[in-house]
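Peer 1: One structure, pasted below without further comment.
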Amino acid sequence: MAVSPDTVDHPLSMPVPTEIDDVKAILTRDGLAGSETRFAYVGLVEPEKALLYGDTELPSERRFRVLLLDPTKPESIDAVVSVTERKVISHRVVDTATDGQVPVLDEEFGLVEDILATDERWLTALAARDLDPAQVRVAPLSAGVFDYPGEEGRRILRGLAFLQPNPNDHPWAHPIDGLVAFVDVTAREVLQVLDLGPVPIPQESGNFTDPEVTGPVRTTQKPIEITQPEGPSFTVTGNLVEWEKWSLRVGFDAREGLVLHQIGFTDGERLRPIIHRASIAEMVVPYGDPSPVRSWQNYFDTGEYLVGRYANALELGCDCVGDITYFDAVIADESGAPHTLRNAVCMHEEDFGILWKHTDLWAGSHETRRQRRLVISFFTTIGNYDYGFFWYLYLDGTIEFEVKATGIVFTSAYPGNDYPYSSEIAPGLGAPYHQHLFSARLDMMLDGPRNSVEELESVRVPMGEGNPHGNAFTLQKTLLRTEDEAQRDADNTVGRVWHIVNPTVKNRLDHPVAYALLPEGKQTLLADPASSVARRAAFATKHLWVTPFEPDELYASGDLVNQHPGGAGLPTYVAGNRGVENEDIVVWHTFGLTHYPRPEDWPIMPVDYTGFTLKPVGFFDRNPTLDVPATVRHGESHCHC
């Protein structure tokens, strides 16, 4: 089944094609868009959450934020349009020197290679390597901000080259190292070609579907069939999903991709809110190779490229298995026309093993219940990497988020001599060390809008009076009262976790209701604090940030990330050290992977995982799954275990 947005029945409904058409028409009418204008981003401006709860009538106005670019001019425009009132609410010209650039355009990808095809310096460098320019592919890469002369205010992409001997070959296997170009895509000018001289190009094929590479396909796997004869247990009304006491709205944004709204759980007769809005607000991939041709490599896939724009069309049996419901998503293409991303989001439920089990020695009872979870996901491809973003909701009230990172590692020539900044993954082929760091933005609504965050740590109690045998340990709890206090690192050595609590709502034991944020506790940003990427990705220097809700504070690295000099986003948000105790708060959590590539990651990388868990702690009065029935096979009685 596929759900395609065609009507607006709620303020948080996904955009529909007519709204995208209206955005373009209004901007064109008011002279802000013309035939050359490119729509770098169009996204729904969500109504204030205070208007979405309670007994008041829901707001009907629909507003969209639009980032516009004329490829022939240096400036861009940031506008807000009301399609309900059919007017431009606001607009400003972006100062590209201080505010950054709008996201990279699709059409600019091919433009870099076209510009370089006529540059004498580039052609000379290829000739010195005895390469046919027609067989050279150029990866157009976001530039960052460095002290290269003449770049301020210009719209820059940098190009690294790869050899593609034939159209079916995977060029990532053949990096042309020692060479990089800096290109102004507005002026269509090559600012610099840095050529360190020819380096041997790795020759081994990376075609991971070629029988000469894969060898014979294994024949040992027997079919696994997943069926639900009576259909799935969830219902879908518009973008409202209800499943096993859970309720939420599925959203999709060209920048963030999958967004979940109004996540709540029905406890008795009451739908209890937990999170108003959950998204991955930014991700950065900083590389650790200081070579002059690649020391600038760091990519903000959300803010610079827009992960939602590159959502895959998911396929039954390949990406999603079982009784699947798909959600289409409508975004604007770069001409401002509506573009439907077919099967952008996949939703299904799946068995997840044992929920609870006990065989009792005294009562003689033996009971087992099986866990299941609702899975809501999408996949995006950004250049060489593919990322799956998966939200999981469990019967017991647990919420998990997981990234599945796969695709092809970014390659270089391996210089040998145990080079300390990359791995050799095939003969002569290197893969620089790098990280994948994500920022989850959790706009909390735990039993109401006013929440707090507490930090909990395990504490060993010294042996002595009151602990004569030295077996005691306890929990230390610290309330995080301000934005400064709430900038925290995970610490697995003391089991550090954070409880998001509603201090005004108590459970039957007279304790505040809470959800625990359980971090993986892996490394944060490893780049030097004085580096460009540390200034631009400051969110990645801490595992936890907490801010009071402000409608304009949406992105961990700020609004315009592309070529922004740094300091935007969370460093700016927390500069006033506002209070976060018993306030309408947003919890920002940094998590991710540090990747030292292995030979087993080549020629295509098996999925690597990272994420976090939110688990109820006193949110319920007891185990909320006591009413889960024993398993019944279709047409049979329930199991006795």
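Placed from the backbone N, Cα and C atoms, the Cβ positions cover glycine too.
Straight from TrEMBL, here's the annotation block:
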| type | residues | note |
| --- | --- | --- |
| DOMAIN | 18-90 | domain 'AGAO-like N2' |
| DOMAIN | 224-626 | domain 'Copper amine oxidase catalytic' |
| ACT_SITE | ASP301 | active site, proton acceptor |
| ACT_SITE | TYR385 | active site, schiff-base intermediate with substrate |
| MOD_RES | TYR385 | 2',4',5'-topaquinone |
Peer 1: Within 10 Å of the Cβ of the residue listed as 'active site, schiff-base intermediate with substrate', how many other Cβ atoms can you find? Include all protein chains, please.
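Peer 2: The residue listed as 'active site, schiff-base intermediate with substrate': 19 neighbouring Cβ atoms within 10 Å.
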Peer 1: List the helix, strand and coil residue totals of the domain 'AGAO-like N2' (18-90) as derived from DSSP.
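Peer 2: Grouping H, G, I as helix and E, B as strand yields 16 helix, 26 strand, 31 coil.
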Peer 1: Could you tell me which three-state DSSP class ASP301 (active site, proton acceptor) falls into?
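Peer 2: The residue in question, ASP301 (active site, proton acceptor), is helix (DSSP, three-state).
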Peer 1: According to DSSP, folded down to helix, strand and coil, what is the residue listed as 'active site, schiff-base intermediate with substrate'?
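Peer 2: SS state of the residue listed as 'active site, schiff-base intermediate with substrate' = strand.
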Peer 1: Taking only the Cα atoms, work out how far TYR385 (active site, schiff-base intermediate with substrate) lies from ASP301 (active site, proton acceptor), in Å, as a whole number.
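Peer 2: So the Cα of ASP301 (active site, proton acceptor) lies 10 Å away from that of TYR385 (active site, schiff-base intermediate with substrate).
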Peer 1: List, in sequence order, the same-chain residues at least six positions removed whose CB sits under 8 Å from that of the residue listed as 'active site, proton acceptor'?
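Peer 2: In sequence order, the residues whose Cβ lies under 8 Å from that of the residue listed as 'active site, proton acceptor' (at least 6 apart) are MET283, VAL284, VAL285, VAL307, ILE382, TYR385, TYR387.
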Peer 1: Summarise the model's confidence over the domain 'AGAO-like N2' (18-90) as a mean pLDDT value.
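Peer 2: Across the residues of the domain 'AGAO-like N2' (18-90) the model's pLDDT averages 95 on the 0 to 100 scale.
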